[in-house]
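According to TrEMBL, the protein has these features:
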TRANSMEM  38-59  transmembrane segment
TRANSMEM  65-84  transmembrane segment
TRANSMEM  105-124  transmembrane segment
TRANSMEM  158-176  transmembrane segment
TRANSMEM  205-222  transmembrane segment
TRANSMEM  231-253  transmembrane segment
TRANSMEM  348-370  transmembrane segment
TRANSMEM  382-413  transmembrane segment
C-alpha cells in the first residue's frame, strides 16, 4: 500500500472510508487485470459517447455518428479478445525461456539509448529547449520540434524510428524493472529520460517514463510518500507547464470557430491541453473517415497506409496521416505534419469492418497476454499500449513503438534479478 502522509488534523472514519473508496477505484482503473474492461470503456467514452453528444447537442461535425458506431463494435471486440485464452500457452509457467541477467539486459539498452540521444543532440540543427530559453516564438519552436527528429534527411531519417523503438515500450519497461528491483542508477535514468523529453518540447513525452512508475505506485508494487492522487496532479501539472514553455495557446488570436473543430484556437495553455486531449483525437478520427470517403471513395486500401504492409504486398504507401493533417490544417513547412488517429481508423480504411473486428480482437488478446505473463513491469506498460492505440494505429504501435519487442521478451525471455525484489522506491 502507499504510505499515507501524516497530518495533525484528526481524520474521521467517513473521510477514511471515502479515501479508501477513491484509491480502490483508481487501483481498479490502473490495474492491468482490469484492462480488458477499462480500455473498451476508454474507447466507448472518447470515440462513441462524446462524439454522439457533440454531434447531437453542440456541433454537427461530419462522420461523428459513423465513428461512434465503429467504436461500439471495436469496444465489444476488445473485451471479447481480453477474455479469449487463445494465446495463453505462450506465457505458461512451464514454457522454457532464455534466462538472462536483468542488469545484463537493462544497462546495454540504456547505453544504446544514451548514445542515440547524444547523437540526436549533436546533429540537431537547433535544440528546441535551448531556442525556447533564448525566446523563440511558438511558430519557430513548432518547426524546430519537427526538425529535431521527423524532418531529418538522409541516414538521419532513421532517428524518428529509433526514437520510437526505444521510448515506446523498451525504455519504460526497463525503468519499471529498475524500480521493482531497486537497481542503482534508477533515478539517474529517470532524470536522463526527462531531460531528453523536454529537450525537444514534446509536451507529454516524459509520461512514457512516468506512467509505468505511477502504475507501480498505485497498485502497491512500490511504496511512495506521495499519494497516487498527488502524483496524478503532478503529471498533469507538468504537461501544462510544458505547454507553457512551448508557447501553446499564446498565439494572441481570438478564435471564432467552434471548440469542437480543428480550426479552434485555444486562448491558454490549459485550454490547449484539454482541447488537444479530448477534441482533437475525436475530430481527427472523424476527418480520417471524411478523407477516406472523399478521396478514396470508401474503398478499402488493403494495408497501403502501413509502410510494413505496403512493402510486403508491393504497394505504393499512402501517407494517410499526412493527408489528414493537410485536410485539417494544411501541411507544415517541413512537410512532416501527421495527424494520427485511433487504431479503429487504420483498421477500417485498410480492411473495412472486418479489419475493425480483427484488430480489436488482437488488441484485447495482447492485453490478456500482459495480464497472464505475470511480468509486473510488462503489465505496468499496458497504459502506454492503450494510449498508443487511442491515438494511433495498431501496426505502428506494435512495430515502430516496440511493443512487439516487449511481447517477445515476455514470451521468450526470463530476466533474472541480481537481488530479491524490493517494494520500496
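Any Cβ shown, glycine's included, is placed from N, Cα and C.
Remember, TrEMBL labels are computer predictions, not curated facts.
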The transmembrane segment (348-370) touching the transmembrane segment (65-84) per 3+ Cβ pairs under 8 Å rule:
yes
Find the member of 38-59, 105-124, 158-176, 348-370, 382-413 that has more C-beta pairs under 8 Å to the transmembrane segment (205-222) than any other listed stretch.
158-176
Is the count of Cβ pairs under 8 Å between the transmembrane segment (348-370) and the transmembrane segment (158-176), pairs 6 or more apart in sequence, 3 or more?
no
Per the Cβ under 8 Å criterion, with at least 6 residues separating them from its ends, the transmembrane segment (382-413) contacts 30, 32, 35, 38-39, 42-43, 46, 90-91, 95, 97-100, 105, 161, 164-166, 168-170, 172-173, 208, 211-212, 215, 281, 305-306, 308-309, 340-343, 345-347, 359, 362-363, 366-367, 369-370, 373, 375
